[in-house]
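Beneath this line is the structure, given in structure tokens, with notes to follow.
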Amino acid sequence: MSTLTLERGINAFKAQIDAPMASFFSSCVSCGMCAEACLFYTENPDPRHTPIYKLEPLRRVWEQEYTLIGKLKAKLGLSKPVTDAELAEWQELVYNNCSLCGRCTLICPVGNDITYMIRRMREGMVASGHAPEGLIGASTRAVNIGSPMGVKLPALQAQVRHLEKSSGLEVPFDKEGAEYLLMLSSMEIMNYPEYLGAVAKILTNAGKTWTLSSECFEATNSGIQIGSSDIARELVSRVVAAAEKLKVKTVISPECGHAYTALRWEGPNLIGRPYTFAAKHIVEVLDELRAEGLLQTEGFEESKLTFHDPCQLVRRGGVVEQPRNLLNMVAKNFVEMADHGTLNWCCGAGGGVSANEDAEEVKLKAFQRKKKQLDELHVDTLVTACANCRIQLEEGMEVNQMDIPVLGLTEMIAEHLVERKGGAA
Amino acid sequence: MNEVDFLLWVKGSAFNIALFIFVAGLVLRLFEILSLGRKVNYAVPKGDPMQGGLREIFRRFGTDKATFQRSMITIVAGYVFHIGLFVVIFLLAAHVEVFKSVLGFGWPNLSTPVVDAFAVVTMIALVVVLIHRLQHPVKRFLSSPGDYVAWAVTFVPLLTGYMAYHHLLLSPQMMLGLHILSVEVLLIVFPFTKLMHTFTVFLSRWYNGASMGLRGVKS
């Protein structure tokens, strides 16, 4: 990689600036409402944590480069150029204190998509050498090994053998022409192997053909989190190559929020063309199976439970109804948090925060927002559909001595599955 | 320059210059924004960007309950002064006459004492937002000189208009001249300050809403 410099960073900023961003910067009236929408401010109220302020260096580059007044001011020496020291200072704001959750984007009264701009700003942070070590490590492992956590194929194969032995299910690799290509996150392989078992059971029972790919099993995309389109493109290209080689109809994004954003929304733009297959989150697939009558359940969860909406699914993905349809199949005592659906508060560790050691303390502060939401409800169980949210929620509850188990939605559905005639299970 | 000359100047050439800078500035600023363009989106849409854009243009006039409670002063005072400004600028009989002379057509007006009451409420709301800006840690921190300039150039025309109508401090002629001059300052700085949000707010809401619409996000 060539040297990372301020100049490269500023050029990357310039390359990112488009009409929507220019409009957003022109529209901001400094009302401060985005601060109140952001858990990194509400739980840690330093005005520097105000979402729009996190973009200040990018805003100045826009003003100095793309407005007449800004150019005049620069010529007259009335504005100061962005410095390397400033970008170093901003690293903490752009990475540690933002999970790209999109809540500021939803609340902003003038309609600014602040999250979009922070995602774009990270491109310049990477180019100028101001990305956190943790994310650099995760991205490097993702590119070199194929997984941000360093999980290799033999680890997955071992999981699969164990699963096949214990369940009697067939877990196919590289089955050409299958309807679904199932992608996973390393977090699921290492920490929540029950996810794979649950999906295998449900898809097989529904009579669907599906497969894993031995060439690419990782759906998460560290390139999106660190803000490097080059890395993101490389990682998403592997998924596309695997899907096209196996000629699948649909790629299933795992219980992970940003993997869905990476695959569903950024992927086609990174490779510069539409996919030849559909990309869906597992929850969308399950809800489709439900609607087709291919997913039937029996019995109900007795405990009082609530659902934590992964930000990338609701605010950045439009997946709100599906998990609720599914939960209502198996839960009689399902209650909603005060702010739920598109208004839900982030777990505090999305958008690369969980992979960033510098954010360890900050993310636990941010968790206090979720704690407040949960304290109001007195639930016995918390369900979610994102392995990254899940590990943060578990850690946050552990630290705060809260005794609420966190479950993945897919495994909860699988536990109540009714065996279908015609299904292979 | 005596009072009459001053009044003639602000109503004549000064007004024309200000109006020209205002219109040219608006065109320039919108061109600066729109000419940056945006990339084609290859992701298969889940919903209609156009519908999403239009929905967000309207939806963002309102807010959810919790956000309202957290930002009550900003929202209430903001609403009051925006509505007040609209009424004062567009519905005062004397102003409708000005629009008629510039645009060639007019519209019905409210009675002047009613608009006068709106002006008072608007000024109070603007003072509230200024105090709030100076006291609220986030707002004070975010505020640049441009924010205070935008406030001042909005407030002074209201104040001078009010004083001219009520024959306060200076002769009504002189005050009217100052009022028109302050509006000219407003027109000139408008495109180059955050006052520009008057127009770009619709663009921003549309862009954001189009992205939401594309992703099937219904708020």
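Cβ coordinates come from backbone N, Cα and C, glycine included.
Keep in mind that what you see is a predicted model, and the values were worked out from it rather than measured.
As recorded in TrEMBL:
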type	residues	note
DOMAIN	A:18-48	domain '4Fe-4S ferredoxin-type'
DOMAIN	A:89-119	domain '4Fe-4S ferredoxin-type'
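Taking Cβ pairs closer than 8 Å, the domain '4Fe-4S ferredoxin-type' (A:18-48) reaches residues 55, 58-59, 62-63, 66, 93, 97-99, 101, 103-104, 106-114, 116-117, 120, 345-346, 348, 362, 365-369 in its own chain, all 6 or more past its ends. Confidence annotation: the domain '4Fe-4S ferredoxin-type' (A:89-119) carries a mean pLDDT of 97 in the model. Helix, strand and coil content of the domain '4Fe-4S ferredoxin-type' (A:18-48), in residues and according to DSSP, is 20 helix, 0 strand, 11 coil. For the domain '4Fe-4S ferredoxin-type' (A:89-119), the DSSP counts in helix, strand and coil order read 19 helix, 0 strand, 12 coil.
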